[in-house]
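Taken straight from TrEMBL:
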type   : residues : note
DOMAIN : 243-383  : domain 'DALR anticodon binding'
Amino acid sequence: QLRIDWPCSSGSSALPDAISALKQALGRSPCAAVCEQVPGAAALPKDVICKVHLKSFVEQQGLVGYDPNLDVLLVTEGKLRSLAELQQAVLQCTVSNPVALPASRFRDLIFFCQGQCCSIVHVVSCEEEFQQQQLDLLWRILDPGAHTALQKHLVCGPVKVTNPSSPIGADQYFQLRKRQMYEASVMKYGELAQDEAWTEVIDTLTVAAIRFEMLSTAHRSQITLDLEDSSISTKGTKSGAFVMYNCARLATLFDTYQRAVERGTYPSLPPASDLNFSCLREEGEWLLLFNYLLPFPEVLQQAAQLPSSSKGIRITANTETVCKFLIQLSMDFSSYYNRVHILGEPFPHLFDQMFARLRLLGAVRDMFHSALATLHLPPLSQI
């Protein structure tokens, strides 16, 4: 529903062979030892295969950033299956096409191809960081290839819900936000037609609202969701729906202009090199240029840097940088667009200014699309 496709290797016919190979590697590893039942101690789980000394491995390899409480890991069939899935996922990763694949049935991994090997980013909740570090180290021990040396961890803070009447899962959360988005749209636009076009618009707005709600907060911090919060509406200037609305306004502007050109009302837009940009004298126009268009590459660089070469195992992804940039851009663009009439009367002496403004807003539209693409959000062409 959030339009995220996670290819899964769990059904691979190669998994049994991969698990068998991992068991053989366990038998050869100097870090592994047979588990012996200690008299008086709690019985070991039946599916325990052996134990692995993680702490001594970390010390021998000089690894930095791992939890100091990591010591002995009881290796089970489930852990080997998860590890085999990771191996199969890496084998699917091609050099030319980085892909996102699941670490196991309860963790996510992102793979970034570098040369002939992968950088592996474990995206994991703070509650499961310890267990994922165990899996990381077990992988290094049993499969000491080049790719296992490039593992990093991106840790996400908890997601809390204020005053929940009952436990809420991802599906209920999505449906709740979708209903709220529909009701907010009815309030703004009147009763909506029950056709596929409106369903698609509401779904896209809901996805945008949820992504901005989640990604506007630094991933290390706690997110608190207020399920009754009206800021999810189309009116809130802090929401993803507001960003999508302004993106659609730009699409409508250029669609209106193109139809006018086809009717012969306006001439076609000349090349940028032929325009007189000194016609742009509005403060809002310079604001769009200097606060958004020029620094946009730097914003993307800040948001996308995953320093795999840094010491330690933790990395940071600044998704909130793009979200805040888009929200502020939408506010300033909306203020300018509400104040300035772009498509004026079809008089030749007004065309220079109109063309310059259209070129400027064309660049703003492209910037909207590029920024939304980093969040995997399609731009809306109309609302």
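A Cβ is built for glycine as well, from the same backbone N, Cα and C atoms used for every other residue.
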By DSSP, what is the split of the domain 'DALR anticodon binding' (243-383) into helix, strand and coil residues? 95 helix, 1 strand, 45 coil
Local confidence of the prediction over the domain 'DALR anticodon binding' (243-383), expressed as mean pLDDT: 91
